[in-house]
Amino acid sequence: MYLLIVFLPLLGSSLVAGFGRFLGSEGTAIMTTTCVSFSSILSLIAFYEVALGASACYLRIAPWISSEMFDASWGFLFDSPTVVMLIVVTSISSLVHLYSISYMSEDPHSPRFMCYLSILTFFMPLLVTGDNSLQLFLGWEGVGLASYLLIHFWVTRLQADKAAIKAMLVNRVGDFGLAPGISGRFTLFQTVDFSTIFARASAPNSCIYCNMRLNAITILCILLLLGAVGKSAQIGLHTWSPDAMEGPTPVSASIHAATMVTAGVFLIARCSPLFESPPTALIVITSAGATTSFLAATTGILQNDLKRVIAYSTCSQLGYMIFACGISNYSVSVFHLINHAFFKALLFLSAGSVIHAMSDEQDMRKMGGLASSFPFTYAMMLLGSLSLIGFPFLTGFYSKDVILELAYTKYTISGTFALWLGSVSVLFTSYYSFRSLFITFLVPTNSFGRDILRCHDAPLPMAIPLILLALGSLFVGYLAKDMMIGLGTNFWANSPLVLPKNEILAESEFAAPTLTKLIPILFSTSGAYVAYNVNLVADQFQRAFQTSTFCNRLYSFFNKRWFFDQVLNDLIVRSLLRFGYEVSFEALDKGAIEILGPSGISYTFRRLAERISKLQSGFVSHYAFAMLIGSTLFVTFSRLWDSISSWVDNRSSFILIVSSLYKNNCEL
């Protein structure tokens with residue numbers, strides 16, 4: 001049963017890839033949706049056995065790589081964090097598959113789309129169930145590959161092509177940290193198995209670099225964090241996430257709610273025994289997460305693309321999850337991940353319903369007044385937005401408020417920093433959530449007449465997933481709070497390890513002042529009030545804002561996303577491209593490698609052969625004289641070699657000879 005959870009999506013994808021042209025659009029949709037739905041049902045059974053029954057399951061399938069001390073096997077670990085992630089991934093993916101049946105019905109390449117979507121659903125369970133670093137890395141790279149294929153699904157769109165390449169390259173930067181982190185763990189612990197690494201994580205480990213003694217665990221944690229920053233769209237490597245909106249809306253919902261962006265949070269939670277040891281790594285994680293939540297929230301307030309606004313809200317919420325891990329509350333972070341998956345998928349799919357009916361228009365400024373035409377979608381999007389801002393007693397309220405209370409009771413500079421940036425982010429989150437609702441549904445219409453006449457609310461195949469996600473956005477937080485993060489709960493069974501000195505959950509429950517607990521609600525209400533007055537009432541304020549020079553520059557700053565793309569392109573990307581051409585291509589590929597490689601060596605031996613052939617005169621006396629000279633030189637150099645060997649480098653001499661011959665050829 002446990003293996004079927006992982007491999008059923010792969011089975012559906014393989015059947016569609018092999019027989020899609022015979023099954024047709026409906027057949028491929030039914031095949032993939034059925035496989036993922038059965039995987040979701042089996043995930044619920046596994047959740048009952050493993051998490052509720054406190055019976056973790058470990059399956060060792062077969063050896064994979066065995067070389068002296070290096071041993072990596074195909075193994076699957078099903079513990080509480082794993083089965084929780086499996087429920088999130090498979091349930092959200094099954095609803096996205098069901099939604100896609102209607103959304104992609106008119107696309108001639110829908111079988112290929114369903115195949116790619118099932119591949120994404122396969123690699124994410126492979127990532128979360130891996131019992132060693134290599135298997136996790138395989139799923140990690142597979143998720144990146146599937147996301148590239150899905151973002152680039154509409155291959156004729158130039159922006160989709162650019163967005164897919166950007167997502168792939170930015171994640172490669174993150175992998176530049178993850179891959180050395182995995183290699184460093186093997187170097188330090190001589191294994192890639194999680195159980196052995198975590199058992200030895202508390203042992204003191206240090207290394208000397210440039211005459212400085214460094215904590216090896218801290219270095220490994222920073223490298224792993226770099227991988228998480230790339231995959232979970234944190235500050236510096238977050239630019240790929242909003243651009244990924246060029247793909248179909250179901251892709252955006254799957255990537256930003258349940259699969260790709262959650263991988264970084266899961267990596268940190270899984271490796272909690274490593275992150276608990278060095279305090280420096282936790283401070284860096286807290287700072288990165290809090291800064292990301294603030295940056296993304298301020299960027300989203302003036303975006304005009306409906307899906308891009310929701311994408312920035314995803315980056316902001318991921319910042320909350322990351323800095324919750326930084327204050328050593330991994331269980332709360334995973335709990336917020338679960339809650340976020342439901343209301344974020346609801347928001348994306350609701351936005352997709354509007355975009356689908358409005359002839360694929362994503363600009364909110366070209367919408368307006370759609371509440372009467374989309375009453376069901378408007379209700380669903382309102383519910384998702386309320387859950388996103390942490391409205392009392394909805395799903396988001398039970399996790400976001402707890403994160404801010406934990407940041408307060410951390411009583412450190414990093415905790416206070418995260419508290420205030422997170423609290424201000426609540427204000428901006430509320431503003432852009434209600435701004436998108438007002439501009440899309442309530443302000444006077446600015447749509448084309450043909451779109452207004454043809455628009456329709458979500459059909460039944462698209463409405464059913466929205467209803468189920470709405471129920472999750474209403475009740476999941478309330479039903480799961482005491483079980484997952486309640487005081488004294490043994491739900492996680494120490495899988496996300498927290499040291500006793502970092503355990504502050506009870507203190508946040510009873511010691512946090514009432515005013516601190518009310519800050520999120522007050523800021524959410526203030527953000528909604530400002531959004532109402534700015535976008536619905538104050539036309540005069542809007543005109544003044546548009547005519548002011550300072551306000552125009554402020555608008556440009558936030559609308560252009562803090563100029564992050566421009567700064568990265570000008571300072572980093574262009575320099576790397578110039579380095580790649582001038583050094584890597586000209587100096588190395590077409591320079592040293594070409595000289596020492598095929599061109600230089602072949603030319604050297606050809607010229608030597610030509611010169612030696614001239615010595616073939618046919619006279620025995622000439623041959624005898626050549627043998628005499630050669631013997632004399634050999635005896636002379638053999639006797640003098642001990643004296644001159646310390647002054648001669650064979651490799652340098654060879655390079656000098658080859659280079660001189662090749663240079664002479666070039667001059668000729």
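Glycine is no exception: its Cβ is also placed from the backbone N, Cα and C atoms.
All TrEMBL annotations are machine predictions without curation.
Here TrEMBL flags 1-18 as signal peptide. Among the features that TrEMBL reports, domain 'NADH-Ubiquinone oxidoreductase (complex I) chain 5 N-terminal' is placed at 64-114. According to TrEMBL, the transmembrane segment annotation covers 83-101, 113-130, 136-155, 214-233, 253-269, 281-303, 309-329, 341-358, 378-399, 411-434, 462-480, 620-641. If you look up TrEMBL, you'll see 132-418 marked as domain 'NADH:quinone oxidoreductase/Mrp antiporter transmembrane'. What TrEMBL records for 510-635 is domain 'NADH dehydrogenase subunit 5 C-terminal'.
Confidence in the domain 'NADH dehydrogenase subunit 5 C-terminal' (510-635), given as mean pLDDT, stands at 78. Note on the transmembrane segment (136-155): residues 109, 112-113, 116-117, 119-120, 122-128, 130, 161, 163-165, 167-168, 171, 175, 178-179, 182, 227, 231, 244, 246-248, 251, 254-255, 259-260, 263, 267, 270 of its chain, located 6 or more positions outside it, place their CB under 8 angstroms from a CB of the stretch. Listed stretches 281-303, 309-329, 411-434, 620-641 were compared with the transmembrane segment (378-399); the greatest number of C-beta pairs under 8 angstroms is found for 411-434. Comparison of 83-101, 113-130, 620-641 by number of C-beta pairs under 8 angstroms to the transmembrane segment (462-480) places 83-101 first. Counting residues 6+ beyond its ends, the signal peptide (1-18) has Cβ neighbours under 8 Å at 28, 31-32, 34-36, 38-39, 42-43, 45-46, 57, 59, 61, 76, 78, 86, 90, 93, 111, 114-116, 118-119, 121-122, 125-126, 129 in the same chain.
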